[in-house]
Amino acid sequence: MGDYEEETAFLGQNGPFFIIVFLLLNAIYISTGFHSFYIVFAGASPSHSCQVLDGNLSEEWIKASIPVEEMNGKLEQSKCWRYHLDTIKHFATEGYNYGDINLTEVSKERCADGWNYSTDIYHSTIVSEWDLVCEREWQVPFASSTLYMGYLVGSLVSGQLSDRFGRKKVLFLSLASESLVIFAQSFSQSWLVFCTLYFFVGAFQISLYITAFVLGTEVLSKSLRVLFTTLGAFLHYCIGYMLLPWIAFAIRDWRTLLRVLSGLTLAYIPLWWFIPESPRWLISQGRIAEAEAILKDAAKKNKVTAPEIIFKITEQYSICDLSLYICYISNYFGLPRMAINIGYFGLSLNTSNLLGNPFLNCFLSAVTEVPAYIIATLLLKNCPRRPLLSAFLSIGGGFLLLIQLIPDSLHTLALSLEMAGKFGFTMSFTVVYIYTAEIYPTVLRNLGIGMCSSAARIGSITAPYVIFLGTFSKYLPYILMGSLTIGSSLANIFLPETFGKVLPETVEQMQKCKGYGFPKIFLTSGYQFANN
């Protein structure tokens, strides 16, 4: 096959066909913003203290039975301990006033009767329903990690399925499956069932995200492709992310929240009849007639005349021993993507732990991404990818490292630095996705993006535990995320530069782009396409 861009140039750049596909794919990305962070609210930990089930104790003695501990420089009631209840009952029975007793000398015990949870902010979460506090507190970050474990598996499997069965089928199968699994998750009767279903939510969500991204990259015109892969997809994802806290604010019960989000996703299923399959993928499968039919229909919508025969050369290709080549590229994409995921998802999941209103904090975290997407889009139109990615990684990591220097009294400044770090990670996310799509050829694009995403999922899975380290030292997560991000920026010099180059269709075209230290073995014929 010749150059796809040249052979489809008759369609123009901004006709109705491209605009409709652009808008519909962007609309699908709103759903990914809904589903990425609902664990922030479903898994939030309300204020809580030990429950004291004894009708003979006065309110004063019940309150006095909970020890006061210093937490983050403040005195608060203990969340996990109470004074030994038999001793408290003995004092009350003997007629002592709780003010006359030095309770600090009384032995303590765990919350044997469960906990009292505040309903001021959340009416119900998985934490309050299944008592995921104190010695079971680790189960909350683990629940978050199961989503990213699903991302890991979904990134690998969806790429292979999409390259084999088509972008469109995998996209809508993932969309419907994700909606059904979230609905089933809302009926979970245990933490284990919740986590198991959350794993499949992650697998279907990342499959949806990657496949829609690849479909847009391959179907849209050159001018709209850059807009879609930067401002379009990410901004609409951010719209869903910004709407999520307000939906959660209106629905304070985690089960109802999940059912509403599931229902909103089903609304996208009718788009099946308006979004076409990727002509590039059809051509790579030798299905030239189907590809031409889609492009001729596009020509009618764009009110232009299509040539009788669009693709004059119809050779088919197969892959010969490409594993080392793909692993080389994926390896050098893996480190920065892992660092980006740790920082991005870590900071996003941390919003419920920040001081202030958790719904507002989540909204502000999402709003921070909007200017990042706009700036990244403008820079990507005129700047090479490699230095941009290094610069954004350094910005994100640098701001996080500064947080440890801010005194506790300047909370607003520390929050601003955290949001500035999120700004850098968001711009890095934008660059790395389009960078990946531009490197891999059509026949391997979904698989290649999937492999890189799989490496990134190690960072996603780790992110909840990095944030959990804040219970030991509030600065430790920022130091780890900042150091890893700045270090990973050095790996970019080994990646090929794709700025100003045509989107590759074959591995031969892909191999023309080389990075520093690029192994010569990958430029030999043993790692190129072979004619059937």
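Glycine is no exception: its Cβ is also placed from the backbone N, Cα and C atoms.
Some features that TrEMBL has for this protein:
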TRANSMEM  17-41  transmembrane segment
DOMAIN    88-500  domain 'Major facilitator superfamily (MFS) profile'
TRANSMEM  191-215  transmembrane segment
TRANSMEM  227-251  transmembrane segment
TRANSMEM  257-275  transmembrane segment
TRANSMEM  358-380  transmembrane segment
TRANSMEM  387-407  transmembrane segment
TRANSMEM  413-435  transmembrane segment
TRANSMEM  475-495  transmembrane segment
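By the count of Cβ pairs under 8 Å, the stretch nearest in packing to the transmembrane segment (358-380) among 17-41, 191-215, 227-251, 413-435 is 227-251. Taking every recorded stretch in 191-215, 257-275, 475-495 and counting its Cβ pairs under 8 Å to the transmembrane segment (17-41), the highest total belongs to 257-275. Using a Cβ-Cβ cut-off under 8 Å and counting only residues 6 or more beyond its ends in the same chain, the transmembrane segment (191-215) has close neighbours at 25, 28-29, 31-32, 35-36, 39, 126, 130, 132, 139, 142-143, 146-151, 153-155, 157-159, 161-162, 167-168, 170-171, 174-175, 177-178, 181-182, 184-185, 229, 233, 275, 278, 433, 437, 445-446, 449-450, 453, 457.
At the 8 Å Cβ cutoff, the transmembrane segment (475-495) and the transmembrane segment (257-275) share fewer than 3 close pairs (sequence separation 6 or more) and do not count as touching. In summary, the transmembrane segment (413-435) lies against the transmembrane segment (227-251): three or more C-beta pairs, each 6 or more positions apart in sequence, are under 8 Å. The list of residues near the transmembrane segment (257-275) in space but at least 6 beyond its ends in sequence, with Cβ under 8 angstroms from a Cβ of it, reads 20-21, 24-25, 27-28, 31, 34-35, 38, 41-42, 168, 171-172, 175-176, 178-180, 182-183, 185-186, 215, 247-248, 251.
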